[in-house]
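K.L.:
One structure, as structure tokens, below. Some questions next.
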Amino acid sequence: MHLLIAAAGSGSRMGADRNKLLLKVAGKTVLEWTLKAAFEAKTISWIGIIGQPKDKNPICSILDNSVKAVQWINGGSTRQQSVQLGLAALPNDAKSVLIHDGARCLVRSFVFDEISKIVSKGQSVIAASQVTDTIKKVDIDGEIIESPPRSDLWAAQTPQGFPVNKLKHAHSEAISKGWNVTDDASLFERLGLPVKIYDAGPSNIKVTTPFDLVIAESLLSTLKD
């Protein structure tokens with residue numbers, strides 16, 4: 001299985017002066033924890049890291065002792081553009097691909113493997129967690145419009161897995177129609193293509209804020225070598 005890791009995030013919401021993936025948590029950088037799970041996943045054979053040129057040296061220094069093939073890919077100005085560039089850099093024989101946020105450093109290796117198994121059958125699937133809070137839809141004035149049933153709501157996560165040809169087609173359609181989305185599954189939704197859910201649990205968070213770092217520190221401390 002081929003894996004693309006989106007690693008172009010800034011540290012603005014974290015209040016950091018560097019890419020948040022280079023911040024330390026429980027003794028390793030955020031990216032190192034993400035890569036640890038990817039390296040341990042039995043199904044992952046090739047990894048591409050999509051990042052900004054300014055981060056290439058510090059990120060590549062982390063890869064010195066990689067146990068799997070890892071390729072650096074220059075990213076774009078948005079996540080969507082970065083994934084497009086990542087897809088263009090895939091080996092010609094890539095049939096399926098997983099897209100993963102580098103900031104989801106609590107992902108477990110078995111999540112990569114389970115999603116890989118589903119994608120290998122030609123299906124599209126995303127990691128997700130069922131919503132436990134009551135969600136409110138509000139109008140422009142902040143007044144509640146409705147409360148969708150929690151049983152219908154899932155918080156999208158990564159990895160997200162797709163057949164390469166279908167994902168490339170979806171991104172091509174996005175370019176031609178001017179679609180801007182925050183995850184790849186949204187493109188499939190717009191095209192009416194089916195995407196399944198894999199329950200990865202609530203711990204597979206994306207480290208975005210200082211509070212997320214506290215949670216990650218607590219959970220990852222139990223996994224230290």
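We number each residue from 1, going along the chain as drawn.
Each residue, glycine too, has its Cβ placed from N, Cα and C.
Heads up, here are the entries from Swiss-Prot:
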type	residues	note
SITE	Arg13	site 'Transition state stabilizer'
SITE	Lys20	site 'Transition state stabilizer'
SITE	Arg150	site 'Positions MEP for the nucleophilic attack'
SITE	Lys206	site 'Positions MEP for the nucleophilic attack'
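Can you tell me where each of these features sits in this structure?
P.N.:
For Lys20 (site 'Transition state stabilizer'), the count of additional Cβ atoms within 10 Å of its Cβ stands at 27 [all protein chains shown].
In this structure, Arg150 (site 'Positions MEP for the nucleophilic attack') is part of a helix by DSSP.
Around Lys206 (site 'Positions MEP for the nucleophilic attack'), the C-beta neighbours below 8 angstroms that are at least 6 residues distant in the chain are Asp101, Ala103, Arg104, Gln157, Asp212.
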K.L.:
Arg150 (site 'Positions MEP for the nucleophilic attack') to Lys20 (site 'Transition state stabilizer'): how many Å between their Cα atoms?
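P.N.:
Cα to Cα, Arg150 (site 'Positions MEP for the nucleophilic attack') and Lys20 (site 'Transition state stabilizer') are separated by 31 Å.
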